[in-house]
Amino acid sequence: MSSHAPASSFSVSGLLAYCRAGFEKELAAEIDDLAADAGLIGYVRTEPGSGYAAFETFEPVPVIKLGEFADWRKPVFARQLLPWFDRIDDLPERDRARPLVDMVKGSGQRFSGVVLETPDTDEAKQRSGFCRRFTEPLTRELEKVGALRLGKPGFPVLHVMFPTATSAWLAAGLKDRCAPWPMGIPRLRMPSNAPSRSTLKLAEAIMTLLSDEERDSLLRAGMRAVDLGAAPGGWTWQLAQRGIRVTAIDNGPLRDTVMATEMVEHLKADGFTWRPQRPVDWMVCDMVEQPSRIASLMAEWIATGRCRHTIFNLKLPMKRRLEAVEQCRELIRKRLASIGPFDLRIKQLYHDREEVTAYLTLKK
């Protein structure tokens, strides 16, 4: 294949996905289903605690065949989803660049950039310094052989993922199909006056679950929101910082920094039984409760028009976690079936632990 081949005719060997360590089983099941939907024939490979899973096809396939199924937003437990085209298990210690360059050149695809990364595990993250140091020399060698055209529109980004010091996966980051952050992890700083780290969870949910256009149009100053189970106020504070007036529902206290925004009304009430007198733009919820109960409550608020949009968190059981997510999907589907089409997006965020975060709204 010519090195001038367009990305659409580029052949790949499957899908590579990153996840939170410990959720490889759930991720593997999801990408196995994605591969089946895309008509791929092959198998999933993963190891417990590795922080990633891969689907490997029996024969290379054109990347265009993956189509919409290669979109990182689809699998709940994937932080990143990439078509991969080669891998190596015996990288030499001294000249790691040469075999990697040869594999990239052999793929017949040019790339517009290079991202070196590791799985998000304590062991693998020890190689983050190596990735930073190795990026420049690898970039230089790829440019020498014509495999890299930095910033060239239409070319994918080369991802090189090192699960160990001597092994690597080579994958292609397709525009608008892969997560835009290295390792699929948004870099967020904890604001000094935020009441709790949970504020980062809502900030990441807004970054991850909403598009740029949706963030601009759906989160405007002057809107009204409700936060169910608000204490100590991390999610309420995040909304208030965006100029949104919040009614915070919780029998527990809110931090002084939350009330200092002067954008918050705190009502001591039960988040499951309280209802607003008139509809609001947003309802958010991070209550610790069975996921099915939360999902039913969220669907009820949307179905009755009490809110237009909701972002909520689902705490997962230790076992059958993917099944719990699917049960929540079905509960929401049944409640909204007679109301109209809806948009439900679910992701396990970097700031989620044994949980996932979701966005729900009715489609216009």
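Each position is counted from 1, following the chain as shown.
The backbone N, Cα and C atoms fix where each Cβ goes, glycine too.
Owing to the predicted nature of the structure, the values given are computational and were not obtained by experimental measurement.
So that you can see what the record holds, here are the features copied from Swiss-Prot:
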BINDING   Ser198, Ala231, Pro232, Gly233, Gly234, Asp250, Asp270, Asp286  S-adenosyl-L-methionine binding site
ACT_SITE  Lys315  active site, proton acceptor
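Annotation note: the residue listed as 'active site, proton acceptor' sits in a strand segment as assigned by DSSP. Long-range C-beta contacts of Asp270 (S-adenosyl-L-methionine binding site), restricted to its own chain and to partners at least six residues apart, with a cutoff below 8 Å, comprise Ile249, Asn251.
Across the structure, Ala231 (S-adenosyl-L-methionine binding site) and the residue listed as 'active site, proton acceptor' are spaced 17 Å apart at their Cα atoms. Largest Cα to Cα distance within the recorded S-adenosyl-L-methionine binders Ser198, Ala231, Pro232, Gly233, Gly234, Asp250, Asp270, Asp286: about 20 Å as a whole number. Residue pair Pro232 (S-adenosyl-L-methionine binding site) / the residue listed as 'active site, proton acceptor' shows a Cα separation of 18 Å. Taking each of the binding-site residues Pro232, Gly233, Gly234 in turn and counting other Cβ atoms within 10 Å of its Cβ gives the largest count for Gly233. Cβ contacts within 10 Å of Asp250 (S-adenosyl-L-methionine binding site), excluding its own Cβ and spanning all protein chains shown: 22. Cα to Cα, Asp250 (S-adenosyl-L-methionine binding site) and the residue listed as 'active site, proton acceptor' are separated by 18 Å. Gly234 (S-adenosyl-L-methionine binding site) sits 17 Å from Lys315 (active site, proton acceptor), taking the CA atoms of both as reference points. Cα separation, Gly233 (S-adenosyl-L-methionine binding site) to Lys315 (active site, proton acceptor), rounded: 18 Å. Same-chain residues at least 6 positions away in sequence with a Cβ under 8 Å from that of Lys315 (active site, proton acceptor) are, in sequence order, Val288, Glu289, Gln290, Pro291, Ile294, Glu354, Glu355.
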